[in-house]
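Sequence annotations record features per position, and here TrEMBL assigns domain 'G-protein coupled receptors family 1 profile' to 105-356. TrEMBL lists 61-81, 87-113, 125-150, 162-184, 205-227, 261-289, 301-319, 339-358 with the feature transmembrane segment.
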Amino acid sequence: MANNTEDSMTVKSLIKNICDKQALKLISLALNQNIPNMVTRVDMDRPRILSFPPRKSIPSLIMPSFNQSIFHPAVFFLTGIPGLETYHAWISIPFCCLYAIAISGNGMILFVIITESSLHEPMYYFLSMLSFTDLGLCLSTLVTVLGIFLFNARGISFDACIGQMFFIHGFTFMESSVLLAMAFDRFIAICNPLRYATILTNSRIIKVGFAIVIRGTTALVPLLLLLKHLSFCHSHVLHHSYCFHPDVMKLSCTDTKTNSAFGLAIVISTAGLDSVLILLSYVLIIHSVFSIASPEERKKAFGTCVSHVIAVAIFYIPMISLSLVHRFGKHAPPLVHTLIANVYLLIPPVMNPIIYSVKTKQIHKAVLKVFLSKII
């Protein structure tokens, strides 16, 4: 009787071991199955797989899906000039000089236009708007650029980066709009001079100024909100010494097709449209000037446009170059990205006050008057 009991226990243990092994195989098979929205359960009493659709899949119960979670880095790391990190202290000297020229030059233009009553005309009001946007661009990048070169302070928080992008791109779009308004001013002055004072009244210029500000800022809000919905789980090192939207967007590990399409649409509807309208205005100006019989009057008419044409060129050429490098220059050396990015933001604010001070006689006289009054 005892032997029968022992044999029975042995058989049961063997059966249990066999069942356990089958259960383990089934568990392994269940884990390797890729059935979407199905939960797999193993019945230990009768080794088989039971699958049924759950209310929520297992991954979503354990942790949020990667596509549903948003990860923002604590900091981004800005880049100075690649390969020349040991010389950043020396490189900071010309950058400091450029910033000093830009801030003092545009500040002087604003000062003389505000204080000199003879400059209270539409052309100079638009010039003051241009100087204001140039000052905004300079101050938007001053802290990060000089911080890198002087103190090697490369870190910038995600929210601060968003804020810097808002001001950089906002003032860029505003400057494009101001250049368009200045082109319209030249078009009216040359093609329809008799109605110049009645068309460009002070109230209309104020409305144009408000429209420029609203246009430059409202276009950016949805773009930056879309950026905040991206996750950044790879490298956090940017290619520039300031936060630039395409540069930040490239670091995202999520789909950026919507951001790219919306950003391209904004650029086309602002700077792209402005450049086309500026070109059209100058086609009409040239057509009108060539209809003038006197060569001296032609020269005088073209002379009033020289400063604006140069300002348009030094603004749009670096901007287009930087956009092309970001979209098609993936294999270009990092130094190329850095140089074009710095030219894009520094050269227009530095050159515009110099151009208008030299080429515009009224501004030139007003600046000399201010300096002479200080000396005397």
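Heads up, the Cβ atoms here are built off N, Cα and C, so glycines get one too.
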Which residues of the chain, 6 or more past the ends of the transmembrane segment (125-150), have a CB below 8 A from one of its CBs?
78-80, 88-89, 91-92, 95-96, 99, 102-103, 106-107, 109-110, 113-114, 156, 164, 167-168, 170-172, 174-175, 178-179, 181-182, 185, 205, 209, 212, 241-243, 311, 342, 345-346, 348-349, 352-353, 356, 360, 363
What average pLDDT is reported by the model for the domain 'G-protein coupled receptors family 1 profile' (105-356)?
90
So if I exclude everything within five residues of the ends of the transmembrane segment (261-289), which remaining residues of that chain have a CB under 8 angstroms from its CBs? That is, six or more out.
172-173, 176-177, 179-180, 183-184, 186-187, 190-191, 215-216, 219-220, 222-223, 226, 245-246, 249, 298, 301-302, 305, 309, 312, 316, 319, 323
